[in-house]
């Protein structure tokens, strides 16, 4: 299982999902859980792309077998339902892996938690970098005439 916001899909997302799938071995299936808009607003910022469209796009990605929206009230709810062997945490996700393991154990959920340490380093390898690039661009009428 991999989790994330997946707002403005970029190569870093694809790399994370490929690495998450590899954790399970050759015949692994990758289930992705997307953060709800309300969760993203509370923890990061207002998402650019709404949760239903983000879900639709993630379901189209090659490494992904299934994708679901997470719970708005209890992030462990879907873990109970899916019962993954492994939960992959991205390199930029703010979770403390040890605390997450302990909470899973307390809830009777037995699965490994692994942080993907590798990161695909490119010019626009995060949603924030993309937002900043767009924000700093000089848009005039000619730049937007075909939009």
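Each Cβ is built from the backbone N, Cα and C atoms, and glycine gets one as well.
Just so you know, TrEMBL annotations are computer predictions that nobody has curated.
Just so it is clear, the model here is predicted, and its values are computed rather than measured.
In the three-state DSSP scheme, residue 6 (ATP binding site) is classed as coil. As annotated by TrEMBL, ATP binding site applies to 5, 6, 10, 11, 12, 13, 92, 119.
Taken from TrEMBL, the feature domain 'Cytidyltransferase-like' covers 2-133.
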Cβ-based isolation winner (fewest other Cβ atoms within 10 Å) among the binding-site residues 6, 119: 119
